[in-house]
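One structure below.
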Amino acid sequence: MKIVLFGPPGAGKGTQAKSICNKFSIPHISTGDILRKHIAEKTPLGIEAKKKIDSGQFVSDEAAIQIAEERLKQDDCYNGFLLDGFPRTVIQAEALEEFLNKKDQKLDTALLIEVPKEFIIERMSGRRVCLSCGASYHIKFNPPMFEGKCDVCGSEIMQRKDDEEATVRERLEIYDRQTQPLIEYYKSKDLLSVVDGTKAINDVFINICEILGSAINK
Ligand code: AP5
């Protein structure tokens with residue numbers, strides 16, 4: 001399966017990506033996670049990206065395309081992958097298409113997790129993430145077993161700086177301007193599928209599995 005997963009910040013991309021990748025045994029490629037790793041390691045890209053991410057802005061298309069392509073060139077992506085948070089602009093989508101064309105490959109689907117704005121702020125304010133292993137929780141909808149501790153590695157879990165309300169509002173505006181056009185882009189290529197992301201986490205996953213089952217048989 002070769003999947004692009006997109007949707008507004010807080011739609012549940014990271015949450016669903018983990019379950020999809022386990023089920024289909026494909027690597028989860030999150031450009032957000034890769035950028036946060038660069039930030040933690042204080043690489044030149046990380047230092048530049050931190051300013052952008054903390055203020056809710058996108059990194060440049062050039063940087064995003066470079067990190068996505070570097071990861072896609074690795075052997076474990078040959079039979080499939082899930083891209084989470086890439087592409088985020090039409091320029092990035094065109095670059096991805098060109099990259100795959102050169103390898104005689106194509107996407108199976110571009111899956112949009114649709115969640116209206118009014119749900120997003122509550123989700124983001126309650127999100128807690130593990131800075132060690134990247135696991136993500138929600139204090140109400142998906143709490144860890146022990147308060148404040150990661151189920152996976154036991155480290156402390158915290159709020160992401162870009163989850164503060166003002167930054168989330170900025171991210172939503174940028175999503176509308178820069179990422180929404182991907183809906184038409186993938187519709188025109190007959191690759192778009194849409195799941196209602198307002199349901200409970202497990203129900204969203206069940207619907208996604210149905211959609212991906214039909215995409216395989218297309
Ligand atoms: P990234 O980390 O990709 O952020 P994002 O796309 O804004 O998405 P989020 O991680 O915030 O949300 P999500 O949809 O994964 O939701 P989650 O599953 O955690 O990117 C960060 C930044 O990096 C960007 O802003 C940008 O600056 C930069 N960047 C990355 N890629 C780039 C690119 N290609 N080009 C340019 N810049 C790029 O869920 C959210 C919360 O809700 C959690 O607490 C979860 O437990 C809860 N939840 C999930 N599903 C449900 C549900 N169904 N019901 C109730 N709660 C739920």
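Placement of Cβ uses the backbone N, Cα and C atoms for every residue, glycine included.
Note: G14 (ATP binding site) has non-local neighbours S30, G32, D33, D84, S136, i.e. same-chain residues 6+ apart with C-beta under 8 A of its own C-beta. The feature ATP binding site is assigned by TrEMBL to G10, A11, G12, K13, G14, T15, R127, S136, Y137, K199.
For T31, R36, Q57, F58, V59, G85, F86, P87, R88, Q92, R160, R171, the entry in TrEMBL reads AMP binding site. Cβ environment of Q57 (AMP binding site): E170, I174 lie under 8 Å away, each six or more residues apart in the same chain. DSSP gives Q57 (AMP binding site) a coil state; it is part of no helix or strand.
The Zn(2+) binding site feature in TrEMBL is assigned to C130, C133, C150, C153. On its own chain, C153 (Zn(2+) binding site) has C130, S132, C133, A135 as residues at least 6 apart in sequence with a Cβ closer than 8 Å to its own Cβ.
The predicted model assigns the domain 'Adenylate kinase active site lid' (127-162) a mean pLDDT of 92. Residues or ranges marked as domain 'Adenylate kinase active site lid' by TrEMBL: 127-162.
Annotated region 'NMP' per TrEMBL: 30-59, in sequence order.
Residues or ranges marked as region 'LID' by TrEMBL: 126-163. Packing against the region 'LID' (126-163) from elsewhere in the chain are residues 10, 14-15, 33, 36, 40, 53-56, 171, 200-201: each is 6 or more residues past its ends and has a CB under 8 Å from a CB in it.
Every protein chain considered, the tally of other Cβ atoms within 10 Å of the Cβ of R127 (ATP binding site) stands at 23.
The least crowded of the binding-site residues V59, C130, C133, C150, judged by other CB atoms within 10 A of its own CB, is C133. With a CB cut-off of under 6 A applied against ligand 1, the binding-site residues G14, R88, C133, C150, C153, R160 are reduced to G14, R88.
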